[in-house]
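Peer 1: Encoded as structure tokens, here's the structure I'll be asking about.
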Amino acid sequence: MLRWQTAGESHGEALVAMIEGLPAGIHVTTEDIVGALARRRLGYGRGARMKFEQDKVRMLTGVRFGETIGSPVAIEIANTEWPKWTEVMSADPLDHDIPREGRNAPLSRPRPGHADLTGMRKYGFDDARPVLERSSARETASRVALGEVAKQFLEQTLGIRTVSHVLSIGGAGITDPQNAVLPKPEDLEALDASPVRTLDKTAEQQMIARIDEAKENADTLGGVIEVVVYGVPAGIGTYVESDRRLDAALASAVMGVQAIKGVEIGDGFLEAMRPGSQAHDEMAVGDDGRITRLSNRAGGIEGGMSNGQPIVVRAAMKPIPSIPKALRTVDVTTGEAAQAINQRSDNTAVPAAAVVAEAMVRLTIAQYVLEKFGGDSVAETKRNAESYVASWPEHMR
């Protein structure tokens, strides 16, 4: 069983990520992880932190000479700003009182749309600092690191490849997903070269203009992202229990990314507006004599199982709640009306969210692939998968 967990705070000494259940023999290096984390920092509209934040990575366990060895893989991502926060975020009690000002000023004006107020209520804090430190999207660096390990596993065993892109930001760009061309894995370099991670140059300019407008207005923007997975064989996931459906797991994984407010598979909500005769993917016999689909409205999943088509996961991200134009709130110390705290943040992080969602999709697919095929080594997993596909009648492959 593949399991993963992350630990660490936004301004703590380091983030730590661990993944357990991977087979031995996956080729993965520190350089791979560093490259993946660099992709997360890309994107027009990111804040100042992205300019000086360096992800210093250490592979702590589970990898030897660039290959997994079957034991849990642990990865540390050091916080280069830690020297500025050693007192504020000290794990141990301090011998002296810290002045309640500057970085250590109590954060008593919770932000609407953030975890601040509810987190303070839930855990009994009188300061939002402990809440925002863990709920911060900085934590997603850990998941991107683990997603890179999952990427290497999927590519090396079954040739499964994943790519993400941005459809729209702040309502600008490709607002009708039916008009979007699905990117291919070979488009990854071009996507990462785009300031907003799109292949559509017209949409790119529209999104950049909308971000510039938000900057001028001291505001933030959300958007819509899409992740596409190629090469997943039919039959990953199952219909026999609701919690084992692949689409349910993918939706949960992506919904768990900070600021994501909605997830759909394939045409999703558009399907609700179509008659049945126009909603489903009809089948035919292809030129090679095998069963093929005439469309992919289901997004590669039917009955909770992959059907062999590309898997398409789309998600909506809300605007970041740390807004320079501070929203109205209540100071929990005084009980009086106030303006919300404004922590350093981005105008938009939609391009980065696409990279994070990509990582979560990879982790989920890897989990379900291992559930289906098992294997203590990459070679064994690969043999099991090949045997499974070979067991189908020729016309069903």
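Just so you know, glycine gets a Cβ as well, placed from its N, Cα and C.
Summarising the annotation, Swiss-Prot assigns NADP(+) binding site to R40, R46 and lists sequence analysis as the type of evidence. Swiss-Prot lists 101-120 with the feature region 'Disordered'. Here Swiss-Prot flags R134, S135, S136, Q258, A259, G303, K318, P319, I320, P321, S322, R344 as FMN binding site, drawing on sequence analysis.
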Peer 1: Which ones in the same chain are close to A259 (FMN binding site), with CB under 8 Å and 6+ residues apart in sequence?
Peer 2: A137, G222, M317, K318, P319, I320, P321, A349, A353
Peer 1: How many helix, strand and coil residues does the region 'Disordered' (101-120) contain under DSSP?
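Peer 2: Taking each residue of the region 'Disordered' (101-120) in turn, the totals are 8 helix, 0 strand, 12 coil.
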Peer 1: What is the Cβ neighbour count of S136 (FMN binding site) at a 10 Å cut-off, with all protein chains included?
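Peer 2: There are 19 of them.
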Peer 1: Fill in the CA-CA distance, S322 (FMN binding site) to R40 (NADP(+) binding site), as an integer in Å.
Peer 2: 19
Peer 1: For each of R40, K318, count the other CB atoms within 10 A of its CB; which of these binding-site residues has the top count?
Peer 2: R40
Peer 1: Through the lens of DSSP with three states only, how would you label A259 (FMN binding site)?
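Peer 2: Going by the DSSP assignment, A259 (FMN binding site) belongs to neither helix nor strand, so it counts as coil.
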Peer 1: Sorry to bug you, but what's the C-alpha spacing from R40 (NADP(+) binding site) to S136 (FMN binding site), rounded to the closest Å?
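Peer 2: Approximately 14 Å lies between the Cα of S136 (FMN binding site) and that of R40 (NADP(+) binding site).
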Peer 1: List the Cα distance (Å, whole number) between R134 (FMN binding site) and R40 (NADP(+) binding site).
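Peer 2: Their Cα atoms are separated by 18 Å.
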Peer 1: Identify, among the binding-site residues R134, I320, S322, the residue whose Cβ has the fewest other Cβ atoms within 10 Å in this structure.
Peer 2: R134
